[in-house]
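Q: Below is the structure I would like to discuss, written out as structure tokens.
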Amino acid sequence: MLLLGLLLLTSALAGQRTGTRAESNLSSKLQLSSDKEQNGVQDPRHERVVTISGNGSIHSPKFPHTYPRNTVLVWRLVAVDENVRIQLTFDERFGLEDPEDDLCKYDFVEVEEPSDGSVLGRWCGSGTVPGKQTSKGNHIRIRFVSDEYFPSEPGFCIHYSIIMPQVTETTSPSVLPPSALSLDLLNNAVTAFSTVEELIRFLEPDRWQIDLDSLYKPTWPLLGKAFLYGKKSKAVNLNLLKEEVKLYSCTPRNFSVSIREELKRTDTIFWPGCLLVKRCGGNCACCLHNCNECQCVPRKVTKKYHEVLQLRPKIGVKGLHKSLTDVALEHHEECDCVCRGNTEG
């Protein structure tokens, strides 16, 4: 009987010690979880929403010391003003577990654009400090992950700030009326407009609709237009590599030119002021001629007519005469490599 009593007493004491140890372990885990959630959200399916109206910062746990293992923290910064953006600046003290094969697989911090779910960047290691990141709207998401191995220090700290929206000018490109501008200044002002309607509104604010309607009425003689499209020759037996060289070496390609400069006209304004033309361009590395240096020159040149809006000062009175007109510009249809300077043979 005495032996049975001793066995029961020993079992009870052992159970008490086991329960105390389990309670202690549970308490430690709860304390660790509380520490993690103090600066973010541990569950990756949830996030801590941080409402901001000014500058501030978030950081890895225990920054600038070694961060804990097995951590997932998610923050979503939301600015109070819906019209602002958020800029993130990383502290120079940055260090996470090094990447493997140039990939941040284990410990990393990443920034996500919530509007479309795109990841702006993922960073780890300690080689370079990540650059500034800016949200598209008034919120941005940050996620920090560490695995169960090799925690590093100092972790990271991200400073956030508010970027106010830029004030857009609703006035015309020039504060002076068109009649008070010189032709060169007026040309610069005209260039800033995107559509004919905006341009006519600027030139004739009181009667712009009438001028715009009359602009397209066929009240003037229609000029002939010679839009010449040369046929591109194709060599059927050329090696593919040589064909690629021909395509990307000395060939006609798109260039934008100023109409006033091309026509050498300083007495009038054209809109649009620039047009695309075909001009010879590229290099002549494989020049077939026996010379020290080759240059790419046009071999066949044609004139093409482009219909544009012409603005000419009225004689004797203020204002501009507006009309649609054709301008002839040179287009290079074929190009060739020739010797620059003196040739030999």
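Don't overthink the numbers, they just go from 1 along the chain as shown.
Cβ coordinates are placed from backbone N, Cα and C, and glycine is handled just like the others.
Positions annotated as signal peptide by Swiss-Prot: 1-22. Feature annotation from Swiss-Prot assigns compositional bias 'Polar residues' to 24-33. The region 'Disordered' feature in Swiss-Prot is assigned to 24-45. Feature annotation from Swiss-Prot assigns N-linked glycosylation site to ASN25, ASN55; the stated evidence is sequence analysis. The annotation compositional bias 'Basic and acidic residues' is assigned in Swiss-Prot to 34-45. What Swiss-Prot records for 46-163 is domain 'CUB'.
Tell me what's around each of these sites.
A: Counted within 10 Å of its Cβ, the other Cβ atoms near ASN55 (N-linked glycosylation site) come to 11, all protein chains included. A coil conformation is recorded for ASN55 (N-linked glycosylation site) in the three-state DSSP classification, outside any helix or strand.
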Q: Mind looking up the mean pLDDT for the domain 'CUB' (46-163) in the predicted model?
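A: Its mean pLDDT is 93.
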